[in-house]
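Trainee: Have a look at this one.
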Amino acid sequence: MSQHRIDVNTLKNNNIDTYSLDRTFSIAPMLDWTDRHYRYFARLMSAKALLYTEMVTTGAILHGRGDYLAYNQEEHPLALQLGGSNPQDLARCAKLAAERGYDEVNLNVGCPSDRVQNGRFGACLMAEPDLVAECVDAMKQVVDIPVTVKTRIGIDEQDSYEFLTYFIDIVNAKGCTDFTIHARKAWLQGLSPKENREIPPLDYERVYQLKRDYPVLNISINGGVTTLEQAQGHLAQLDGVMMGREAYQNPYILARVDQVLCGSQRAVISREDVIEAMLPYIEAHLQAGGRLNHITRHMIGLFQGLPGARAWRRYLSENAHKNGAGIETVRQAFQSIQTEMTV
């Protein structure tokens, strides 16, 4: 077990506010899924959830042709997840993010894909805690918003609790006080990213132990969370819960987050009201030259588990990609299932 523990007074003297954002519930950064359209959609259902962008590499931001930092103002609170390992490049990107109004910058130290490893970022950086600490320090030097880290409980054969706490100690020493821990280790060779989300066993107790040993750090857990009841169980031990695939594939689960996890008295929005609230956003997207399916692909799972879910999914899948498809397509998709279910 690590012999180094953080002193509360040190944090206070350094003016570190570990709870500057409400991290009770967050939606994981997911490549190709958590784009700005999904995030707008998610925000309609939960005002409290902390949203994350897809991972964006420093190279894309600094040298790409697109605007990789674009977002909708309605998405706040919003964190940018960065992929990279060059401290200077990360600092430049963090500064750009802060200038654009992002609420947090998060460093990806958890993705195990070969492409990410070849770029020397993601989970492989767990083996280089000093470099991660240098990256965190470089970003913190140029921004006032929180700089956080998302990581795993270990990599390959380096999966002891001591390995994890050593990593936390080194990175925390440079001022990182917010960690989201995916409660699985990552195999850097031999497993696909999908397999790395499913095959390595979950070890929630290890993350709980981390919080007990580092009580002043803000520790959130990720991995295998599929219900709000599970989230409540984790929150009895930890500061926050990050939900991944379930929040995308069954997005209406987000409609009860504020009430169940955050104490909100606001009425739970209906699925029909979610659809109606999306229509002006969709219309603006179409008028700007966008295509309907860029947005509706994120809405496919809205009726997950209910009679009519298949009809909704089929209608959008078969029609939203067509030239000229517009908000009437969405209305017709909803009309097609009204006889099968009660919203």
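Numbers run from 1 along the shown chain.
Using the three backbone atoms N, Cα and C, a Cβ is placed for every residue, glycine included.
Where the annotation comes from TrEMBL, it is an automatic prediction and has not been curated.
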Trainee: Going by the FMN site in TrEMBL, where P29, M30, L31, Q81, K150, N222, G223, G224, G244, R245 are listed, which of the candidates H63, H182, H285 is also part of it?
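Mentor: Answer per TrEMBL: H182.
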Trainee: Between N222 (FMN binding site) and R313 (site 'Interacts with tRNA'), what is the CA-CA distance rounded to a whole number of Å?
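Mentor: That comes out at 28 Å between the alpha carbons.
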Trainee: List the Cα distance (Å, whole number) between N108 (site 'Interacts with tRNA') and K194 (site 'Interacts with tRNA').
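Mentor: Between the Cα atoms of N108 (site 'Interacts with tRNA') and K194 (site 'Interacts with tRNA'), the distance comes to 17 Å.
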Trainee: Specify the secondary structure state of N108 (site 'Interacts with tRNA') as given by DSSP, simplified to three classes.
Mentor: strand
Trainee: Which has the fewest other Cβ atoms within 10 Å: P29, G224, the binding-site residues listed?
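Mentor: The binding-site residues P29, G224 were compared, and G224 has the fewest Cβ atoms within 10 Å.
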Trainee: Given that the record lists P29, M30, L31, Q81, K150, H182, N222, G223, G224, G244, R245 as binding FMN, what is the largest C-alpha to C-alpha distance among them, in Å?
Mentor: 20
Trainee: Suppose we draw a 10 Å sphere around the Cβ of K150 (FMN binding site). How many other Cβ atoms does it contain, all chains included?
Mentor: 27
